[in-house]
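Novice: Once you've had a glance at the structure underneath, I'll fire off some questions.
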Ligand SMILES: Nc1nc2c(ncn2[C@@H]2O[C@H](COP(=O)(O)OP(=O)(O)OP(=O)(O)O)[C@@H](O)[C@H]2O)c(=O)[nH]1
Ligand SMILES: [Mg+2]
């Protein structure tokens, strides 16, 4: 099983890891341009391709995960009993307790499926892998990070392809012009000014742009850089900006910790993508081997709960909700924690309301949720993620300030990077909010969200 949060194949699982293949067969399609300095990467990519193919072969003979086994008796259905909070000012109303709802049956059957060692979820990305230009690009990005060709998964390749496609608009707007500037030879003052304008247009924000330009200029005063090196140096500056907030945090990798309950609160203004992100995270957690539960604590509007339930069904994740009107979100969180504890879940994802009238309400609500968590799950590893719509640019950042004051944030999820030509906003987030980007979303699909990697982001943003 591939753990997406840790970005590695979990070799302790029963899944066999194929032997590294030295023998390389020539793939049917080869990339047309074969520069000599690309040869190593091409060999690496071919080896990786062959390894992935080998790994794929045995799995095709396995039964489809969509076919549920007839018997599910091994895993008895455990009813999640909502407890009454003690000393809580707002005891939750009875949690919805219909006769085992459809999603719960489904998830219990999934538990049974897991018992029979079938890892593939019904929603798995089944696109067959092809050795094309995008494969080679993805392979190069992985190789450059020191990965071995026998240690990468097909899914990583597919994700990098999606990331690159998602950032296509930004890249086309930025990279061609950057290339034409640095391609003219060593950078001079005019070229630096042009780069500055490009960065600002890409929503990089004044602070990050100033930093990039001054760092670049300092370097250029020391030595004249040929175009390729100038671009490489620029990339390294961007990576530094994106990685800097990680120096201040305790959990740079941001994977759910095993053995404790991890509670991730998702906050952000309405429409930012919180609920969609919850769904995608639940999917990622399931396929990475974590037992996940969702608490539908956006009780502000009725449709919100329904939307969460759809994602719960899609990802076979139990959803804890309270159908009553004017339900207290903290009460839903309370029930969510009870359910997570009863099922020994690893991760509780909490959907919160974006539509709060003002900062005071927002702060009060989030503080109340925190109090409930502290009371009911004081050992839990709590993270508060701000979901930010990349298409909003600097406006989004202004809204984010309010949340960062209210929510004690531990990171940002940047969504809709596919819909904007302004991927530079990631740099503004890191520089202005001083928060690490934890995940990025590049589409509406279930597979369109992954943990953030500055290296991969910058490559996807600035490579042809
Ligand atoms: N293109 C694109 N669309 C996205 C992405 N993430 C979310 N969306 C879309 O953005 C819209 C709003 O997403 P929601 O998840 O409902 O946002 P929310 O923050 O939960 O909104 P409220 O519940 O109203 O506060 C939906 O149409 C999503 O499909 C993304 O990464 N890319
Ligand atoms: Mg929502």
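For all residues, glycine too, the Cβ spot is worked out from N, Cα and C.
Heads up, TrEMBL stuff is auto-annotated, nobody curated it.
Pulled these from TrEMBL:
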REGION    1-105  region 'Disordered'
COMPBIAS  15-33  compositional bias 'Low complexity'
COMPBIAS  50-61  compositional bias 'Polar residues'
COMPBIAS  62-86  compositional bias 'Low complexity'
COMPBIAS  93-105  compositional bias 'Basic and acidic residues'
BINDING   268-275, 351-355, 415-418  GTP binding site
DOMAIN    436-449  domain 'SRP54-type proteins GTP-binding'
Novice: Over the domain 'SRP54-type proteins GTP-binding' (436-449), what is the model's mean pLDDT?
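Specialist: Here the predicted model's pLDDT, averaged over the domain 'SRP54-type proteins GTP-binding' (436-449), is 95.
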Novice: Near residue 268 (GTP binding site), how many other Cβ atoms are within 10 Å of its Cβ?
Specialist: 24
Novice: When you measure from the Cβ of residue 274 (GTP binding site), how many other Cβ atoms are you left with inside 10 Å?
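Specialist: Taking all protein chains shown, residue 274 (GTP binding site) has 29 Cβ neighbours within 10 Å.
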Novice: Other than its close neighbours in sequence, what residues sit by the domain 'SRP54-type proteins GTP-binding' (436-449), given a CB gap under 8 Å and a spacing of at least six beyond its ends?
Specialist: 123, 125, 158-159, 162-163, 165-167, 242-243, 245-246, 249, 252, 254, 273, 276-277, 279-281, 283-284, 314-315, 385, 410-418, 426, 429-430, 457
Novice: Counting Cβ neighbours within 10 Å across all chains shown, tell me which of the binding-site residues 355, 417 comes out on top.
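Specialist: Per the Cβ count, the most surrounded site is 417.
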Novice: Looking at the binding-site residues 271, 274, 352, which have a C-beta within less than 6 Å of some atom in ligand 1?
Specialist: 271, 274
Novice: What does DSSP give as the helix, strand and coil breakdown of the domain 'SRP54-type proteins GTP-binding' (436-449)?
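Specialist: Summed over the domain 'SRP54-type proteins GTP-binding' (436-449), the classes give 0 helix, 6 strand, 8 coil.
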Novice: In terms of DSSP three-state secondary structure, what is the assignment for residue 274 (GTP binding site)?
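Specialist: Note: residue 274 (GTP binding site) is helical by DSSP.
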Novice: Taking a cut-off of under 6 Å between Cβ and any atom of ligand 2, tell me which of the binding-site residues 268, 271, 352 pass.
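Specialist: None, as no Cβ falls under 6 Å.
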Novice: Sorted by position, what residues of the same chain at least six away from residue 352 (GTP binding site) have a C-beta under 8 A from it?
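Specialist: In sequence order, the residues whose Cβ lies under 8 Å from that of residue 352 (GTP binding site) (at least 6 apart) are 265, 266, 267, 274, 297, 298, 329, 365, 366, 369.
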